[in-house]
Amino acid sequence: MLFDKLITNTAEAVLQKMDDMKKMRRQRMRELEDLGVFNETEESNLNMYTRGKQKDIQRTDEETTDNQEGSVESSEEGEDQEHEDDGEDEDDEDEDDDDDDDDDDDDDEDDEDEEDGEEDNQKRYYLRQRKATVYYQAPLEKPRHQRKPNIFYSGPASPARPRYRLSSAGPRSPYCKRMNRRRHAIHSSDSTSSSSSEDEQHFERRRKRSRNRAINRYLPLNFRKDELKGIYKDRMKIGASLADVDPMQLDSSVRFDSVGGLSNHIAALKEMVVFPLLYPEVFEKFKIQPPRGCLFYGPPGTGKTLVARALANECSQGDKRVAFFMRKGADCLSKWVGESERQLRLLFDQAYQMRPSIIFFDEIDGLAPVRSSRQDQIHSSIVSTLLALMDGLDSRGEIVVIGATNRLDAIDPALRRPGRFDREFLFSLPDKEARKEILKIHTRDWNPKPLDTFLEELAENCVGYRGADIKSICAEAALCALRRRYPQIYTTSEKLQLDLSSINISAKDFEVAMQKMIPASQRAVTSPGQALSTVVKPLLQNTVDKILEALQRVFPHAEFRTNKTLDSDISCPLLESDLAYSDDDVPSVYENGLSQKSSHKAKDNFNFLHLNRNACYQPMSFRPRILIVGEPGFGQGSHLAPAVIHALEKFTVYTLDIPVLFGVSATSPEETCAQVIREAKRTAPSIVYVPHIHVWWEIVGPTLKATFTTLLQNIPSFAPVLLLATSDKSHSALPEEVQELFIRDYGEIFNVQLPGKEERTKFFEDLILKQAAKPPISKKKAVLQALEVLPVAPPPEPRSLTAEEVKRLEEQEEDTFRELRIFLRNVTHRLAIDKRFRVFTKPVDPDEVPDYVTVIKQPMDLSSVISKIDLHKYLTVKDYLRDIDLICSNALEYNPDRDPGDRLIRHRACALRDTAYAIIKEELDEDFEQLCEEIQESRKKRGCSSSKYAPSYYHVMPKQNSTLVGDKRSDPEQNEKLKTPSTPVACSTPEMCVLRMTRARRSQVEQQQLISVEKALAILSQPTPSLVVDHERLKNLLKTVVKKSRNYNIFQLENLYAVISQCIYQHRKDYDKTSLIQKMEQEVENFSCSR
């Protein structure tokens, strides 16, 4: 309001001042007329040049008279017009430009009126005249032609007159922003009654253009750049997306054959993606749609993302390819309101346009969490948008959506239904066969390949290892082999020559790798399943086999999962289902498949479906439960039950022990118990493991006991949920409620017995007869390898390029040199047209200066420089500046500093040099100069000449002492010579190191800092003594140990085994084992069960 009043007051003041000036001018003219200063001739001459001004004066006088006559009425009407003028101020200001443009027209009209002699004495003076509203018409947008940026241009065109451009993105004061905003509002609002349809159309055009630009940012990962040239160019113009467009680089070598242990999941993905493309007639016949969504869930490192990558590569093969889009969970999230939903819509639109396509959401729990009242509303909006896009009113067509998560409970339940995520694939820990297959995949490129029996044993020991853990073990084993064979590489930063054939991975490398790495599944919670160790396996393997045999009678599914005697012809996982692939005749379900009589009979007395009632198709059990009972120390909880669970590792195991119930303070024990049993029912067949149930039952309260028994009773009778428990008390000593859970008559009780004589003999035989008689470890081979001096490896040879690659490379290099020549011509032209440097544009005439050739050996001028540019003699700017320096040095050398003319030439030569350097420094990009030098070096190595691309018919008139002939200084191709790499030094063998330990070799070995030479030579020079072992005494000691341990339990046997092992470790360096045998006999005799 203050601003509007200020404008109004200022306008009135200006008009009042103009009226006063015109009055004074009119009064002066009257005085001159009264004095008779002008005669008629002068008056006519004056009117000839001041006719327009006099007309203006006359009009001003008339208006002034009218204003004086109507001043009273104007003051009365001022109050009435005040509100109208205030409301029109903004419009009047907006029309200032139009009024200024129309002033000339108004003046012409007034002139014509005055010439006719018509004067309106009754006309009143007004500040503004309202005009008719002129509606805004949007001008046609002219296409903007973006000039291609020059690769060598990084500054102004001239160092003398630099160009400055005001950047609109620079910081400005708030006052300037406010003034610009107000000025834009004044000049952009032509009329208050303009229609809003124009703005809406403009907004729609902008939104459409923005949408098209944003869609081009979403490109599939499995398409190459040359396959999407148009889209890729648009994307490069647009720039980076708000989301992470390339969250990971897609490894094209990962295929379905690189995924082990997940054949069922791969077959299901083929049904969803591959089969609809290959066999569309099948789906067309039954008018069905294949599943369009699946959810991968499971612990980290089990292959969820790996399967997605393999699927992307499989979809990239063949004629009809599938576009694969990959997004991480938080890629679509944005701080701007509505931007996340917009990116999701754009993603699905782009996938629909490039259908068939796949959208893979990694870590989808971060994108679509469970909606709740305590959650931020932005996530609820994103989840709602994703739900509508996956299965809303608009069909998403041939778009398959795959989600991966580690937390299935954190995903919104609305996503987990058919139509959105039709299938859910559990990526559990791999079993023995899957681990063996994964090991084969990671070691199939090794030379030599490991034995199949070794891989089977390794897979058996890798319990709880995931696919990522197994891959890490293979890599760590290879590093252990490298560290063992060549320890020298860890003491130097230079690359040494290695004999790759001497690096062999052994079993001990895998042992060291497994000791170093802890599986991810065992870092937080240790898996209950664990195979018997090699130490106790001879002692307890028979007991484990008996438990499994008893378990198969109670839980027939165990036989189904542990039986590996499938025919090799039908080993395909798709043929494991007897119900789906049986050859039994089944009645037809079609109307025309049965006669009328048989159809009526089928409707009355025949059932088509036999769900859970056919014993031939699947095993059946009634409330499977088993209790392993033994005395304390029999190993039922520490060895036997984990071994049984390991044998049944294909089943999902849920542990319900004391730490699980009371370890989490956020939930009550009853809630934890209910959740465990609920999950066991959902993932049946499964196992509920309750270790030490006698202690468990004494600690928990009555509420948890009632909850546990009630949940067990609510499990269906034929549900394959096994309850496995262990107890250190006999069945009769347990509480009555526990006894009712396990019935002895049903074979649900297994009593553990003490190991027999044969098991104990196998248990101690290896320790006493083999390990006690083993000679000390020799390290001479390791010392020889440490003394080996490895030569420095030569630089790697460049990869030989094919003819097509060489051609493409030369074309790229020639494009770069073309830019260089254009730049050098521009610089030379700017120097040549300068009048100061006209003397250097042409060669020196020998007729005018006869002694010039004798003084200057290498003449040079700007015309010769232009000729060398045309002949492709300049590969870098340094070569060009070298000739500029030559022009300057020749001028300084030939023109002495005596004559004023010579001084002027010397001055202009220095100015030429400085100007050339200044222009190049100002306008040349440093990266472009470095690129030219690299190309020059590459051409020298390849032996490629730059004259190959020079003009074919570029002839120059021969001149004596031409600078183009024999110019060795300025030709970059003749300045340097290729450097041949030195021949590598032959690697010496360890035996040669020992036989010839010279002073130089000694210093090289000491620089490696692996072992001192004196100590190494002392170890190698020591003779190997003979081994002294009394095998008869060892056999007698074994018999004594077996006899004494007749009534020992598992813990006591392990204790005795540890005592004997300590004796062997203390005498591990002795070649005479007599003292060791005496020590073992003494320890066995003093060993007591009370320990």
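Just so it is clear, glycine is given a Cβ too, placed from its N, Cα and C backbone atoms.
For reference, Swiss-Prot has these:
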- Gly298, Pro299, Pro300, Gly301, Thr302, Gly303, Lys304, Thr305: ATP binding site (BINDING)
- 801-825: coiled coil (COILED)
- 917-943: coiled coil (COILED)
- 53-62: compositional bias 'Basic and acidic residues' (COMPBIAS)
- 966-979: compositional bias 'Basic and acidic residues' (COMPBIAS)
- Lys148: SUMO2 cross-link (CROSSLNK)
- Lys959: SUMO2 cross-link (CROSSLNK)
- Lys979: SUMO2 cross-link (CROSSLNK)
- 811-923: domain 'Bromo' (DOMAIN)
- 32-211: region 'Disordered' (REGION)
- 961-985: region 'Disordered' (REGION)
Tally of helix, strand and coil residues over the domain 'Bromo' (811-923) according to DSSP?
83 helix, 0 strand, 30 coil
Which ones in the same chain are close to Gly301 (ATP binding site), with CB under 8 Å and 6+ residues apart in sequence?
Arg466, Gly467, Ala468, Asp469, Ala520
Here the 10 Å Cβ neighbour count for Gly298 (ATP binding site) comes out at 18
For the ATP site built from Gly298, Pro299, Pro300, Gly301, Thr302, Gly303, Lys304, Thr305, further residues of that chain with CB within 8 A of the site's CB center
Phe296, Ala404, Asn406, Phe427, Arg466, Gly467, Ala468
Who sits close to Thr302 (ATP binding site): which same-chain residues at least 6 apart have their Cβ under 8 Å from its Cβ?
Phe427, Ser428, Leu429, Pro430, Arg466, Gly467, Ala468
Relative to the Cβ position of Gly303 (ATP binding site), how many further Cβ atoms are located within 10 Å?
23
Show which residues of the chain containing Pro300 (ATP binding site), separated from it by at least 6 in sequence, have their CB under 8 Å from its CB.
Asn406, Arg466, Ala468, Ala520
Using the structure shown, find which entry in Lys304, Thr305 (the binding-site residues) has the sparsest Cβ neighbourhood within 10 Å.
Thr305
When pLDDT is averaged across the coiled coil (801-825), the result is 87
For Pro299 (ATP binding site), the number of neighbouring Cβ atoms whose distance to its own Cβ is within 10 Å equals 13
